[in-house]
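For reference, the structure is listed below as structure tokens.
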Amino acid sequence: MSELKIKAAKAAIAYIEDDMVIGVGTGSTVNFFIKELAAIKHKIEACVASSKATEALLRAEGIPVIDLNSVQDLPIYVDGADEVNERGEMIKGGGGALTREKIVANVATQFICIVDESKVVKRLGEFPVAVEVIPMARSFVARQIVKLGGDPEYREGFVTDNGNIILDVFNLSFSTPMALEDSLNVIPGVVENGVFAKRLADKVLVASASGVNNLK
């Protein structure tokens with residue numbers, strides 16, 4: 001599986017141009033992308049990290065990291081996914097960085113999703129949806145999610161980079177992913193959720209034994 005993740009990471013490097021500021025996601029496939037990026041770090045201007053973990057990895061490779069607030073133009077964002085379909089709709093957030101990932105993805109002109117073939121699905125929903133929640137609202141939000149048909153589980157011992165908690169929600173209906181994304185976000189106490197149906201991936205680079213294909 002690591003070989004496929006490396007393939008996908010290498011394929012994303014082809015989209016990196018000189019003097020670019022690059023948004024960098026979070027997760028195991030992205031970690032391989034960071035390794036590849038380190039080889040051309042002299043060509044790029046800097047990176048914007050979607051998590052403290054990614055920032056630490058970038059800095060360890062000697063890659064400059066800048067704050068998103070100092071960026072006016074972010075041409076590209078590279079990130080993985082827990083699930084992705086052919087339309088570029090995704091479930092993300094298994095690593096708990098979903099809020100910052102969604103922010104950086106929305107700032108970027110182009111969102112490139114890098115995955116191995118196991119992440120490609122016809123219908124989203126096997127993987128639970130991570131929901132970032134203000135701690136005091138945990139029980140209330142969980143009750144509201146149950147009303148939506150979901151089964152929330154508190155992610156024990158995990159605190160997001162924003163100081164919040166995560167509810168992992170199983171068995172949600174994905175008949176209309178965009179409506180689901182909205183219905184979760186309007187619950188008071190919800191910061192963000194891991195359904196990416198409004199900000200789609202522009203390119204989905206899928207690695208398999210036969211090579212890397214663009215799903216979109």
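Yeah, the Cβs are placed from backbone N, Cα and C, and that goes for glycine too.
Other Cβ atoms within 10 Å of the Cβ of Thr26 (substrate binding site), summed over all protein chains shown, number 28. Under the heading substrate binding site, Swiss-Prot lists Thr26, Gly27, Ser28, Thr29, Asp79, Gly80, Ala81, Asp82, Lys92, Gly93, Gly94, Gly95, Lys119, citing sequence analysis as support.
Swiss-Prot lists Glu101 with the feature active site, proton acceptor. Under DSSP, Glu101 (active site, proton acceptor) is assigned to a helix (H, G or I) in the three-state scheme.
Comment: substrate site residues Thr26, Gly27, Ser28, Thr29, Asp79, Gly80, Ala81, Asp82, Lys92, Gly93, Gly94, Gly95, Lys119; largest CA to CA distance 15 Å, whole number. Under 8 Å, Cβ to Cβ, and six or more positions away along its own chain, Lys92 (substrate binding site) finds Asp79, Gly80, Ala81, Asp82, Leu98, Glu101, Lys102, Ala130, Gly194, Phe196.
Neighbours of Ala81 (substrate binding site), defined as other CB atoms within 10 A of its CB across all chains, total 29. Sequence-ordered, the extra residues of this chain that approach the substrate site, with Cβ no more than 8 Å from the Cβ center of Thr26, Gly27, Ser28, Thr29, Asp79, Gly80, Ala81, Asp82, Lys92, Gly93, Gly94, Gly95, Lys119, are Gly25, Val30.
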